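> Sending over a structure as structure tokens; questions will come in a sec.
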């Protein structure tokens with residue numbers, strides 16, 4: 001435990017928070033040097049900006065493929081990915097609000113909607129995963145988003161009650177006073193997520209794997225999310241027991257989630273869909289050329 005404490009005290013890791021971190025340095029000064037630290041904020045902002053820029057760069061081609069494929073669920077998922085990416089970009093750029101006096105309410109609202117949006121994408125993908133294959137009908141869209149909407153609606157309601165009803169600082173980390181009840185709630189939250197990903201991981205390695213899509217990308221996605229949520233669960237449990245190393249470790253998992261989850265989701269789900277569209281177009285072109293007699297000479 002002494003080694004863990006020394007790691008948490010290291011000047012090269014994410015800075016700890018205090019209630020008045022930006023009281024003397026202002027918004028910019030707090031963002032650069034005090035609220036979480038320069039490295040923490042820079043990684044978040046750069047990763048989110050690069051991903052939004054990539055989405056914008058690919059937007060014309062992606063919209064063209066979506067309109068040709070006419071997959072309702074993919075169109076809706078792509079649109080929601082854009083919305084959540086912009087929310088996450090705002091969240092990453094406004095980190096100083098977390099430790100700026102007077103910004104607690106707006107920070108809680110921004111974090112609540114950003115994390116709920118990202119969780120909606122997670123739950124939607126898991127719900128869609130259990131359908132076995134890509135579906136393009138309105139029924140599949142309704143079923144997937146109905147499940148996700150119910151789960152996220154309940155999650156958002158409970159968090160709002162704890163935030164604004166009981167005054168539990170769910171989204172404001174304070175190293176000077178560890179709120180054990182808050183971290184107990186996060187332990188339950190992370191335990192549920194880790195349990196779901198663990199169940200799917202087990203299914204992929206059991207006789208029930210035929211019920212899931214036979215796609216290596218999905219298996220890798222589940223493995224990464226299981227590891228991330230397992231590590232986050234461990235960090236929350238440590239923090240709930242008063243270990244400052246747990247707070248530092250939780251900060252690392254939070255950075256990884258907000259910086260890299262949306263790109264991981266895109267690579268796993270949408271990029272694969274767009275690649276399939278390219279292959280489908282190549283097959284169509286080949287069939288048309290074959291029907292036109294372009295390959296007759298090869299058989300002579």
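Cβ coordinates are placed from backbone N, Cα and C, and glycine is handled just like the others.
Worth saying up front: this structure is predicted, and the values here are computed from it rather than measured.
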> Any idea which of 10-30, 73-93 is down as transmembrane segment in Swiss-Prot?
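Residues 73-93 are the ones Swiss-Prot records as transmembrane segment.
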> Please report, as numbers and ranges, the same-chain residues at least 6 past the borders of the transmembrane segment (152-172) whose CB is under 8 Å from any CB of it.
17, 98-99, 104, 107-108, 111-112, 115-116, 119-120, 123, 179, 181-182, 185-186
> Please give the sequence-distant neighbours of the transmembrane segment (73-93): residues at least 6 beyond its ends with Cβ less than 8 Å from one of its Cβ atoms.
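Same-chain contacts beyond the flanks: 41, 44-45, 47-49, 51-52, 55, 62, 66, 110-111, 113-114, 117-118, 120-121, 124, 128, 134-136, 140-141, 144-145, 258-259, 262, 265-266, 269-270, 273.
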